[in-house]
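Undergrad: The structure follows.
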Amino acid sequence: MSDALPASRLTLPAPAKLNRMLHITGRRADGYHELQTLFQFLDHGDTLHLAPRDDGKIRLTPGIAGVAPEENLIVRAARRLQAESGCPLGADIHLEKRLPMGGGLGGGSSDAATTLLGLDALWRLGLTLERLAALGLALGADVPVFVHGHAAWAEGIGERLTPVTLDTPWFVVVHPGIEVATPAVFRAPELTRHTPPITMARALQGGASSWRNDCEATVRALYPPVAAALDWLSERAPTMLTGTGACVFARLATEEQADRLLAEIGGRWKAFKARGLNRSPLHDVLDR
Ligand SMILES: C[C@](O)(CO)[C@H](O)COP(=O)(O)OP(=O)(O)OC[C@H]1O[C@@H](n2ccc(N)nc2=O)[C@H](O)[C@@H]1O
Ligand SMILES: Nc1ncnc2c1ncn2[C@@H]1O[C@H](COP(=O)(O)OP(=O)(O)OP(=O)(O)O)[C@@H](O)[C@H]1O
């Protein structure tokens, strides 16, 4: 690391993810659930602007309503990176938030991963993706896939990753207007926790029409607005829940079909269209 303050500043994407399928295969002694899931990125997400500071302070603007600065995953990621590397530099970080919170789109995890990779570059630390992913895992189960930046088959709690290449359809993502608390879904007694593990080859061979999300029945029961959005969209295109919700996504073959569906949704819900991506746009920008 050089002594001089690096002059550069970076504008970086923090893309959303979808869980194209999600099975719950068990529960560990610490309460965390063993999953098998396929992660894919979207060409839609938050944007972070990062600039180094020479006084070691981490300043985030604007804050997120309801999230204290020291709890914000961006600030926590920056502090962990300082602690891990001993770097004396700080950062000014400006967040353009587009992804709904508690949406199952991994917004907070993606913001954390973009912070780790962005500050590693700005502070010229040269940490490996493996080390950054290990740092990130302590912040959230979904951080490692955003750090590695490739669509993946994930096992464990989401940290054992194998890169995959999935179909890249268009999606219409609908936010049913409520926030789902991930811990509440994982605490629910009726959640199915014993789907027999399958091989990655079998999951991929079945293809999109065979994929499902084990959280769906529980989320439907706990959050009727999610059930309503799933029912309405399913009549128009193959539709699934991402993560533990609240967002649901319809799969379309063409952008025109996505536009038609968005038009039909009108003002009923907040919704956006996006294309599935097998490589994170963050890694395209940073060329990692
Ligand atoms: C379900 C997924 O959306 C799939 O992508 C994610 O694994 C959830 O990731 P996340 O929102 O980053 O969740 P975390 O902040 O790691 O965990 C929130 C809470 O959900 C529960 N949790 C989460 C992940 C997991 N594999 N098992 C769990 O039981 C735990 O009670 C945990 O305290
Ligand atoms: N930078 C951040 N962006 C969003 N949420 C944050 C951030 N920092 C902390 N949080 C907290 O994390 C919680 C989960 O946010 P997030 O957007 O990651 O949910 P999610 O899309 O459901 O994620 P997942 O798919 O990983 O379950 C929020 O409710 C909020 O309290």
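Glycine is no exception: its Cβ is also placed from the backbone N, Cα and C atoms.
Quick paste of what TrEMBL says about this protein:
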- K17: active site (ACT_SITE)
- D142: active site (ACT_SITE)
- P100, M101, G102, G103, G104, L105, G106, G107, G108, S109, S110: ATP binding site (BINDING)
- 72-149: domain 'GHMP kinase N-terminal' (DOMAIN)
- 209-267: domain 'GHMP kinase C-terminal' (DOMAIN)
Undergrad: In whole Å, how far does the CA atom of G108 (ATP binding site) lie from that of D142 (active site)?
TA: 9
Undergrad: With an 8 Å cut-off on Cβ distance to the P100, M101, G102, G103, G104, L105, G106, G107, G108, S109, S110 Cβ center, who else from the chain surrounds the ATP site?
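TA: For the ATP site, the extra neighbours are A16, L99, G243.
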Undergrad: Identify which of the following recorded positions, namely G102, S110, D142, place a Cβ less than 6 Å away from any atom of ligand 1, and list them by sequence position.
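TA: So the answer is D142.
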Undergrad: Of K17, P100, G106, S110, which recorded positions come close to ligand 2, meaning Cβ under 6 Å from one of its atoms?
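TA: From K17, P100, G106, S110, counting a Cβ under 6 Å from ligand 2 as near, the near ones are G106.
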Undergrad: Translate the DSSP assignment of P100 (ATP binding site) into the three-state scheme.
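TA: It is coil.
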Undergrad: Can you tell me how far the Cα of G104 (ATP binding site) sits from the Cα of K17 (active site), in Å?
TA: 8
Undergrad: Determine how many residues of the domain 'GHMP kinase N-terminal' (72-149) DSSP places in helix, in strand and in coil.
TA: 44 helix, 7 strand, 27 coil
Undergrad: Measure from the CA atom of D142 (active site) to the CA atom of S110 (ATP binding site) and give the result in Å, rounded to a whole number.
TA: 8
Undergrad: So how many other Cβ atoms are close to S110 (ATP binding site), meaning within 10 Å of its Cβ?
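TA: For S110 (ATP binding site), the 10 Å Cβ neighbour count is 30.
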